[in-house]
Amino acid sequence: MGREFLDIFTGWAKDYDTFTTGSDDQYKEVFRGYDGILQTIADCSGSHVIEFGIGTGNLTKKLLAAGRTVYPIEPSEEMRYLVAAKLPENIEIIDGDMQDFPLPPFKVDTIISSYVFHHLKREEKAEVLTHYFDLLEDGGKVLFADTMFMDHAFYEEKVAEAARNHFYGLKADLEREYYPMIPDLYHQFNDAGFSVSLMQMNTFVWIIEGVKEAWQPPKR
Ligand SMILES: C[S@@+](CC[C@H](N)C(=O)[O-])C[C@H]1O[C@@H](n2cnc3c(N)ncnc32)[C@H](O)[C@@H]1O
C-alpha cells in the first residue's frame with residue numbers, strides 16, 4: 001500500500017522544486033531550510049547508500065558530490081523520467097519503493113530518505129524498519145528527514161492553523177498521510193533494534209537517525 005500517494009507525485013513532479021525553494025506559501029515552513037536538511041543527511045551518511053523516494057534528485061546530487069555510492073530508488077515513473085536529466089548518465093534510477101525494492105549490488109551502510117517515510121502506515125513503518133535492520137551491518141544506520149509531531153495536540157494545532165490560514169492543500173495533506181508522533185516513532189526504531197537520535201530542522205521536519213550498534217558483551 002506504500003504507493004497509494006503516487007498519483008499526487010505524478011501531477012506534482014514538474015513543479016515540485018518550486019515548493020522546495022519556498023515559493024508556495026502553504027509549504028514554506030515545511031521546506032524551510034530544505035537545502036541544509038538535505039546537506040545534513042548527506043554529511044551524516046556512510047559511503048554506500050540506498051536512497052528511497054529520490055523525487056527530483058536534490059539529495060542524490062548532494063550524496064554524489066560527497067563521493068557516496070548511491071542506489072537511488074523512486075516509484076514514480078514521472079519523477080524517474082524528470083530526474084534522469086538532472087543526474088549523471090551512469091546513475092541508474094531503480095523502480096521500487098520503501099517496502100519492495102531490488103537489493104543493490106554492494107553492502108549498504110546507510111538507508112536514507114527525505115520527505116518520504118510518512119507515506120507508509122504505522123504497521124508498514126515497523127515492518128520496513130525491521131527489514132532495514134537485518135539489511136545493515138553493525139554500525140550501519142537509517143537516516144530519515146520528514147514531517148513528524150511531538151504529540152497529537154501539536155498536530156491538531158497545526159491542522160487548525162492551516163485551516164485558519166486558508167492553507168487547505170496543506171490541511172488535507174496533514175490529514176491524509178501518515179505523519180508519525182515522535183515518541184511512537186522512537187519506540188518503533190527501538191523495537192526494530194536501533195538506537196535513536198533526533199534533530200529538529202523546522203516546525204514540521206525532524207531528522208531521525210537509527211544506528212545498528214555493534215553487539216557489546218554485558219558489563220560486569
Ligand atoms: C515529497 S517527495 C520527496 C522527494 C525528495 N526525497 C526530496 O527530499 O525532495 C516524495 C517522494 O517519495 C516518492 N514516494 C511516494 N511513496 C513512496 C514509497 N512508498 N516508497 C518510496 N518512495 C515513495 C514520491 O514518488 C516522491 O518522489
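Glycine too: its Cβ is placed from the backbone N, Cα and C atoms.
Taking all protein chains in view, 20 other C-beta atoms sit within 10 angstroms of the C-beta of Asp97 (S-adenosyl-L-methionine binding site). If you look up TrEMBL, you'll see Gly53, Glu74, Asp97 marked as S-adenosyl-L-methionine binding site.
For the domain 'Methyltransferase' (49-140), residue counts in helix, strand and coil come to 33 helix, 15 strand, 44 coil, using DSSP. TrEMBL lists 49-140 with the feature domain 'Methyltransferase'.
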Confidence over the domain 'Methyltransferase' (49-140), expressed as mean pLDDT on the 0 to 100 scale, is 97
Quick one: give me the count of other CB atoms within 10 A of the CB of Gly53 (S-adenosyl-L-methionine binding site). 23
